[in-house]
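A short worksheet on the structure shown next.
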Amino acid sequence: MQKLKQQVFEANMDLPRYGLVTFTWGNVSAIDRERGLVVIKPSGVAYETMKADDMVVVDMSGKVVEGEYRPSSDTATHLELYRRYPSLGGIVHTHSTHATAWAQAGLAIPALGTTHADYFFGDIPCTRGLSEEEVQGEYELNTGKVIIETLGNAEPLHTPGIVVYQHGPFAWGKDAHDAVHNAVVMEEVAKMAWIARSINPQLNHIDSFLMNKHFMRKHGPNAYYGQK
């Protein structure tokens, strides 16, 4: 697990490097599907002092199997998403400014241009609010459940992120690095959408044919963007 712990540590350290977190407001995890184990950031540990060996290993029930610290308080959310979506290899949660602003506004981040379409096949959805019972009960687990409810039958790697109403963004990918990459993109397109709608409040969504072209040339069966 040492290699995966190092990868998760590096991915967590990318959050402050890319300006996605303040203090300890974020976490990254990754899963070893063969072993059924997840590596995740320890709860409340400052990035300035954190080391790879501080990463916490938990099983799919959330039991700590390796590590000196308690795992992130959002662990149950991560585990619920891993259980539901076998294609996920890494998950990120932050309170990045612009994506969180859309979450607090209760609005999906609209797909307005090709930067968005290169990564997200449509709007980045916003969940419904959790009920008082859901919050007072198994809050973090129910956060995962409301994300799954909102995604429905969507392919999660075609919609590699979401904003949870009144909370903040979650992003995911094929591994921890990919999940952080998608979290960075989500923050950037959230900022772009806010600016664009401020300039033109009547701005329409990106044309569907342009959306399809940009997403499929990177992610479709005949993708040709980048190097093989």
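Note that Cβ sites are derived from N, Cα and C of the backbone, with glycine treated the same way.
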For the Zn(2+) site, Swiss-Prot lists His93, His95, His167; sort out which one of Asp74, Asp118, Asp178 goes with them.
Asp74
Got a sec? Which of these binding-site residues, Ser43, Ser72, Ser73, has the most Cβ atoms within 10 Å?
Ser72
State the Cα to Cα distance, in Å, between His95 (Zn(2+) binding site) and Tyr225 (active site, proton donor/acceptor), rounded to an integer.
31
Specify all same-chain residues, apart from the site residues Gly26, Asn27, Ser43, Gly44, Ser72, Ser73, whose Cβ lies within 8 angstroms of the center of the Cβ atoms of the substrate site, ordered by sequence.
Thr24, Ile40, Lys41, Pro42, Val45, Pro71, Asp74
